[in-house]
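Notes follow once the structure below has been shown.
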There are 2 protein chains.
Amino acid sequence: RFFRHVHMKTKALGDALMLFFPRPLQDPIRGRPKEIPHNEKLLSLKYESLDYDNIENQLFLEEERRMSPMGFRCLEISRWVICGLIGILTGLIACFIDIMVEKLAGYKYQVIKENIEKFTEVGGLSISLILWAVLNCAFVLVGGIMVAFFEPIAAGSGIPQIKCYLNGVKIPRVVRLKTLVVKVIGVICSVAGGLAVGKEGPMIHSGGVVAAGVSQGRSTSLKRDFKMFEYFRRDTEKRDFVSAGAAAGVSAAFGAPVGGVLFSLEEGASFWNQMLTWRIFFASMISTFTLNFFLSIYHGKPGDLSNPGLINFGRFESGLLGALFNSLNYWLTIFRIRYVHRPCLQVMEALLVAAVTAAVSFTMIYFSNDCQPLGPERNEEYSLQVHPHSKIVTSCLYLGTVGIRFLIKSDVISSFSVSLFCADGEYNSMATAFFNTPERSVRSLFHYQPGSYNPMTLGLFTLTYFFLACWTYGLAVSAGVFIPSLLIGAAWGRLCGILLASFTPTSPIWADPGKYALIGAAAQLGGIVRMTLSLTVIMVEATGNVTYGLPIMLVLMIAKIVGDYFQEGLYDIHIKLQSVPFLHWEAPATSHWLTAREVMSSPVTCFNRIEKVGTIVDVLSNTSTNHNGFPVVVQPAKLCGLILRSQLIVLLKHKVFVELARSRLSQRKLQLKDFRDAYPRFPPIQSIHVSQDERECMMDLTEFMNPTPYTVPQDTSLPRVFKLFRALGLRHLVVADDVNRVIGLVTRKDLARYHLGKHGLEELQLAQT
Amino acid sequence: RFFRHVHMKTKALGDALMLFFPRPLQDPIRGRPKEIPHNEKLLSLKYESLDYDNIENQLFLEEERRMSPMGFRCLEISRWVICGLIGILTGLIACFIDIMVEKLAGYKYQVIKENIEKFTEVGGLSISLILWAVLNCAFVLVGGIMVAFFEPIAAGSGIPQIKCYLNGVKIPRVVRLKTLVVKVIGVICSVAGGLAVGKEGPMIHSGGVVAAGVSQGRSTSLKRDFKMFEYFRRDTEKRDFVSAGAAAGVSAAFGAPVGGVLFSLEEGASFWNQMLTWRIFFASMISTFTLNFFLSIYHGKPGDLSNPGLINFGRFESGLLGALFNSLNYWLTIFRIRYVHRPCLQVMEALLVAAVTAAVSFTMIYFSNDCQPLGPERNEEYSLQVHPHSKIVTSCLYLGTVGIRFLIKSDVISSFSVSLFCADGEYNSMATAFFNTPERSVRSLFHYQPGSYNPMTLGLFTLTYFFLACWTYGLAVSAGVFIPSLLIGAAWGRLCGILLASFTPTSPIWADPGKYALIGAAAQLGGIVRMTLSLTVIMVEATGNVTYGLPIMLVLMIAKIVGDYFQEGLYDIHIKLQSVPFLHWEAPATSHWLTAREVMSSPVTCFNRIEKVGTIVDVLSNTSTNHNGFPVVVQPAKLCGLILRSQLIVLLKHKVFVELARSRLSQRKLQLKDFRDAYPRFPPIQSIHVSQDERECMMDLTEFMNPTPYTVPQDTSLPRVFKLFRALGLRHLVVADDVNRVIGLVTRKDLARYHLGKHGLEELQLAQT
């Protein structure tokens, strides 16, 4: 078994170092083999935009005008109801993940404990350890296969994807039911498989998927339509709900409702309004409430709602590393995009990481001699004692460490300390850091008394866990980066605390290294993900202590400033490496010399208000352009509206032709419902059959086009165009001349391709990747 | 003295009931006698809009294009520096207010204590009480005169004004230095004068003024220009800083940096972006830090930075009323607008309130027999004992209660309990509620052990304090409503807790009535001001305990929903009664049938690109129209730009005429700096002399106009126009026809006048009030 892993490692290395020939590569987000850009100086054309602007065509306006004030009130109430549902469901899913991890770990523990008891006397501990190893690798294997083969978008934490979605980029399949299922199973497997990962990021993604599903009142995947919430079947409304779902996810993961709101605000929502804020807040609240309610029932204490979330770090009674992490992960991700693109390779890498994690942990623990006496306050119910004389099992034992971690996790064992390779009545403090779930390790680093950890232990632990976590993030498994970052930060924070205390032994205020661990954890996480406001609130809500709010804010701010000087945040790096046309908060500072004339796409394919069906079909079928929005003009080229590809598809499908309308007087008029039913998976043009006769018919677009698209004059500066586009969440912005003739069209990619580099304004290349 | 007050009361009543004849009324915000609307169905035309949109004319674009990336970085750094300064100064001002109140109270205490000691034996306590009364009325008099005669805008909490400012309405003099001075002195006087007010709202307003001042790098009032931050001399930048200042104010008042950010977000900023959020956050942080730092030095414990704000409620170890409050205050405010409009009347009303407050307090305490034994944990350093046999002093004593309140506040007295009319070793629990500063009363309601208060006491206290606070808010003194609301809520919350505990004596979890007091305080405040997210965070940060976050959120949400059903929030009521054209978050739901054509103002006064000076002067001098923005057209009526009155004024002042430019070749070209120097107090047109010869000259507007104003077609629906206008913070939106000819102009008042009433969409009347 050991050799198989070595073999795998060699193979991956060989892949990495030798196979430099070009070949079709696989895109980790979409999962189809394609040519992938090898650097971040490209902008992909394959991503489409969400349309945050309402299409106020005649049908829509008629519906709105028919609606009574009571109707609007009902809509408002159903928005609140949906947010409540999102909160409840997200809380339940978080609950499910939590319980499943515990159950699986408990089962494993049972099996392995019996096994150990059987073999301890006869000296065959290696068998037990191999059993553990097999169990753990099996988990990672299941998770890896699910992700790599069934739904590659479910890999990672999902936060970059949700961030893109909220920015207005349509990431395919990111909010589908299948993604949710793979994500949930995947994260259970990877946490149960002992990888250096957290389950918080996936919970946030799950919240987003739940929101997108619930708000539509149907499941396209399951082909079930509950005929509810049909009004919300458009990008505008759906995106609002997804931001509520993401907030609910944060709330469930960290017990931080306010932090959830701020997360959505800081990371995602570019288009914010008060009502939306309240709804998101409501969803967050319900989510924490539900989670705590069901967890309290599960723990047999119904009604005890004071458990604030899954990783309440407990109570306190009494940026440079982040940038390094991001840089390393950046190179690793580029490497992965280039060479580790086949699903089977991805699964193998995941298994390799699992094995190496175990090997490193074991080596560290084995050679550590940091044995601390067990205090009376740590009433160990169970401590695994492997005596030094059994060194014969070394070659296999490392595989077992992955198992031991979950042994400790299980409910039966409430202790943090593990006495591996130490005498009775002592515990191995290196094992305390390595042999726990990351959540528990973080907590012990925060709370153990001064002197519980040797500085050497902490230093080595920080170093190794740093590289392990960095390697793990980006594997083809569902995995979050929050908890590993906190763990690294807590370790070096505590290390700093110990060193400082040894220099200034007279000041008793700073004698508690646990405080340093908390601050270090905040700094490390801040340095990696670069959030400030929301992270402060999340940390405060998770620790349940407001006192440390100010120092946490301070270190987060410093971590962000220092980190930004060297490297972007981890999520931004991953977004950039996927060449996503992400719109930042403002146009690049030095872009005032660019005008709409320079940035727009031109010439523009326009349609006449009454257009020939053949022309429309030909334009839509042209795969080389693949436009999604078409200005509608009256001769001579005067703008009178804008129509989307999706609308034209529906019109063609229902054959809304002028001639047919004349011949069949009783024909059912096309309604808004028809567009909503087709949303969001509009059929491709190839699936719609248009006969040669029909090609000669005419289509009247007047009723369906948006008659008042936003326009800008051609001299408008780029920042001004950007501001309009971003503030209103547009998908298409028409550039018109001084007599209102269409001369260009600005879309997301035209704005996203300018960015401020080291040498001033740079332009990204556009590529069909 | 007593009779003088009675006389004053009669006079005010007489004013109120008899003087129904029409006469010029005074506007409490602007302070000039004017016809004031008597209901909220009017929209004032006197308020102008702030321009959140950059005027991207040629001068501006040239400047931006000349600027290097390093220049933009310097700008960014100076934004951070300014935010730091705002935080520091706001913290210092809050500190000053706090210390001054304590000093004044301490001084009064000293004087009165000596007086009492002198007269206690000889039985002349009435003299002491009269002394107190004089001192207290003197404070209110000073504060009232300052506000009523010097700067009426400094009245009240200032939050409605800041809210309007952040919404984009230019409230005259709201961010001037004079306002700040009057506000600070006023709030010190009214708190020291024993009114039922808090000092938190004024701190928020002060933060806004500080921000507006610091960010401009000069003081127009003091005529000092530091030649700094000239880039920020425009509405866009200034408003961003004011929102940072408001957040810093909240942060200083409550020790709640995150709450401050959310306050700015929830109450004010309609145009939000991430960088701004961070800067505001930074300012909030620095503010709390500064406050705590200097307070800790003041208290002789430098470095002890764990004191989270002025009203840290301490720690917990273990919606309808709001609407009623608002309704009563609504009627009271209407009454005040109609009848209490002269400064001297306003001062008298303030004195009357001070006297009535004292009288009611005294009566309540005098007839209360809720004497509780002093526990050993309350080590009273001083307790004022007025024995029942000295009832002869009754007629004067009530004036003294105002003084006693501040006696208790002083640092020397650290106890909460007062033994008025009780035996030695006992304290009067009614006096504990009435005879403390509101902050201290709130804290004692939260923290006193069960059984400290009699339900009867609490009920009577709630009832009387409710009416007193309601009457006090809106007086012509600087005063906040936060703390009185918390106090009312805490009292009835505790009352509910006691009653519930008596019904369910078996459940020990809910036995602590202090918890109910906290929840009640949150509910009452939420019912009055209708904030949810920010208030939760503020309460949590102020109490320093996250555990109660969830129940607080829940009651705030319920208080908001219940309250909104009956009446708007207090601040919104006051904004509406001032007929301010306030833009809400969205257009009224049922307004889709309105289009730009119906809402726009038309015909529009346009200028030609090269226009005769005489024409411009005539248009600007026309007081009947008083337009502020003028589309610039080329014949035939084709839109080519937009120019503001303020710009034209500067052009006229500098005589930028085509003929002069030709004759004086070496003439200095007008620069952006000239516009910035004139900002924000542009001279009126009347002050600019234009000779008859000059009237015949021509002005070339090309360089100065905004060449790319936002436009909409005339068929655009109102919600769409509203969204564009609100999201971009526009001041003028041009309506153009299909060949780009100007046909109308939409401004703030055109959008603000539609609102959803009980019978569908209603249109407010426009009035020059």
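Glycine residues also receive a Cβ, built from the backbone N, Cα and C atoms like all the rest.
Range annotated as transmembrane segment by TrEMBL, chosen from B:318-335, B:642-659: B:318-335. Touching of the transmembrane segment (B:482-504) and the transmembrane segment (B:546-566) is ruled out by the presence of fewer than three CB pairs under 8 A, sequence neighbours closer than 6 excluded. This prediction places the mean pLDDT of the domain 'CBS' (B:705-763) at 90. The transmembrane segment (B:80-101) and the transmembrane segment (B:458-476) are not in contact, since fewer than 3 Cβ pairs between them lie under 8 Å (pairs 6 or more apart in sequence). The stretches the transmembrane segment (B:318-335) and the transmembrane segment (B:458-476) meet in space: the count of Cβ pairs below 8 angstroms, excluding pairs fewer than 6 apart in sequence, reaches at least three. Contact between the transmembrane segment (B:516-540) and the transmembrane segment (B:180-198) is not supported: fewer than 3 Cβ pairs lie under 8 Å, counting only residues 6 or more apart in sequence. Nonlocal intrachain contacts for the transmembrane segment (B:458-476), taken as residues 6+ away from its ends with a CB within less than 8 angstroms of a stretch CB, comprise 28, 144, 147-148, 152, 155-157, 195-197, 321, 325, 328-329, 332-333, 336, 343, 346-347, 349-350, 353, 356-357, 360-361, 364, 368, 430, 433-434, 484-485, 487-488, 491-492, 494-495, 498, 570, 574.
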